[in-house]
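Below is one structure, written out as structure tokens; comments come after it.
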């Protein structure tokens, strides 16, 4: 999934269909998150796959290892390209998640699996006062990244601001998938650690996830092409 990943932050397939129709003939990388998946079920993935788009299924699993393993067996059968868990679930949970994907993958080739470190809506103060993690935000992200690597995962979800440090610690092949991407003309909304596609490329992101800058644009195709231009420059 080398192209910018478009976050399909919609509730209905009709909205998705209308949006994707604007990109007729183009193969996209898209993110199906909780809102869309929980509103429509697995059929939403099947319909998008029928259009040959790559899918990052963003459900952020976080439960006991056996439950996550069983859930991943089911998700693997959907044929998506990437899934994720919360690194806070621990090393054993992440190992179980990967094992579940390997068991459930019908073709023998499992989806990529990455772990969420800290949400891009979380500030250092939030983390320290609400999660009672007394390190710096960067130290927390780096710890979770290292734990994910030890568990055999393919990478992490992180802010672009931490991407270069993770690349140095865990290697260039370890994915650094970064949400919180906005075009310079857009607002940050509810995300705290936000950068442009160009800056994300320059400071070490391996993949970017872009939602509102594209889906809420007056001309989504033009906005996507602008993101693509900055990302590939």
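Glycine too: its Cβ is placed from the backbone N, Cα and C atoms.
Quick look at what Swiss-Prot lists:
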BINDING   9, 31, 58-67, 120, 182, 191, 211-212  substrate binding site
ACT_SITE  60  active site, proton donor
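Features as recorded by Swiss-Prot, highlighted on the structure.
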{"residue": "9", "record": "substrate binding site", "contacts (Cβ under 8 Å, 6+ apart)": "33, 35, 36, 211, 212, 215"}
{"residue": "59", "record": "substrate binding site", "contacts (Cβ under 8 Å, 6+ apart)": "33, 34, 37, 75, 83, 84"}
{"residue": "60", "record": "active site, proton donor", "contacts (Cβ under 8 Å, 6+ apart)": "34, 84, 85, 86, 116"}
{"residue": "62", "record": "substrate binding site", "contacts (Cβ under 8 Å, 6+ apart)": "68, 85, 86, 88, 89, 93"}
{"residue": "65", "record": "substrate binding site", "contacts (Cβ under 8 Å, 6+ apart)": "92, 93, 95, 96, 97"}
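A sphere of 10 angstroms centred on the C-beta of residue 211 (substrate binding site) encloses 20 other C-beta atoms. There are 24 other Cβ atoms within 10 Å of the Cβ belonging to residue 120 (substrate binding site).
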